[in-house]
């Protein structure tokens, strides 16, 4: 009997070791699938721990029970807790309601091939599947499969004309660093006559029109304001657009859309902003240098009134820049409200005295060492010798050069020949209406030539905001009771220039 018992014990030991070995193989395979391939167990081609295909669970609290099949999340998926959290369910409820309204209006159907752009966790995709739009997928820079695959709004990883419906929620278009590319990719991947729906925070007229400019190949279907579902976005503006059947070029040329030939009309949403601007100073100040310090606190900057998120680029043009610290470093960099946008700066300065200062700023500032003028020609750059020249020289040393260009030979002062360029044409070739353009102009009297040229060419419509120093025969700081003989214009003529700009819909501020 003992030999038989020994054989049975040996058999059990061998069987136990075989079972342990089999379990180790399964564990190794599971670890390989999850850790190496980065997929959930249910997506692998071979996994001992996958759930049956017909096993579902119900997300509690859903207005329409959210049934998640094995293709969405398995019991072994660590994201299961996320999918059943209150935050997740609240988001799914919200988006389900949004999509059901779109279905009832005929803007979305259960058969629509749908894409949710830049959805980190995929609640929007889940909501679409919940209401029966099964052929739905989301993209984000980090995949969260099976709901979200890797991709970004400015580089959607799908072919042209792939989707019937595209959705972008969570104000992701507002915060995109490349909104024009974001819109262009949506236009590329959406089928003709397809619908795109975006949820944005911005609710002013300026931002609304800026967004429509990004989607130039779309028609506006509707816009509606609604309450959000969390504190991060308590207010939402929903905008629905339909893609035209005629395919357009999404590359974005340099010819502004709103300018026909050399004519333009400042749109109404820009004209409205002029009404909100600080009032012009009607009476000539006796001490303009003091008035500037006081008035700068009253300036209603455009970005303090509207959202500028939906612009292609952000550009600051300093015409008559002087030194870097004169206005770019001391005012624009520190005080202008840029809404966390990165601006490219163009410094236009003819006086070679200041050129060396921009050598170390090449990465952020483009220097144009020429004179802004009404055409391309050689000019004479004059340093005048007015009364109180000692003070002028002192100011120049501080970075406020007193240079003045002359199209003809001058009768006195230091004169250098410089190259002038057609500023209006340069502007039309450099920026578009989809860019946000701020300009400061301090050109020692040449503004009376340049501003009319901007209107004549239509380039004025490309500028969103102007800070203009108008030069006139002002009272001199050095010599009480004496006016400067350097300029012929009067304060009244300057005031007329500012008034005409504002009446034309241009947001201009008085500058000294």
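Placed from the backbone N, Cα and C atoms, the Cβ positions cover glycine too.
TrEMBL does not curate its annotations; it predicts them automatically.
Quick look at what TrEMBL lists:
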- 14-34: transmembrane segment (TRANSMEM)
- 143-198: domain 'Methyltransferase type 11' (DOMAIN)
- 276-365: domain 'DUF7870' (DOMAIN)
- 414-512: domain 'DUF7870' (DOMAIN)
For the domain 'DUF7870' (276-365), residues assigned helix / strand / coil by DSSP: 29 helix, 12 strand, 49 coil
Structural state census, the domain 'DUF7870' (414-512) (DSSP three-state): 36 helix, 26 strand, 37 coil
Per-region confidence, the domain 'DUF7870' (414-512) (mean pLDDT, whole number): 91
Residue counts (helix, strand, coil, in that order) that DSSP gives for the domain 'Methyltransferase type 11' (143-198): 11 helix, 21 strand, 24 coil
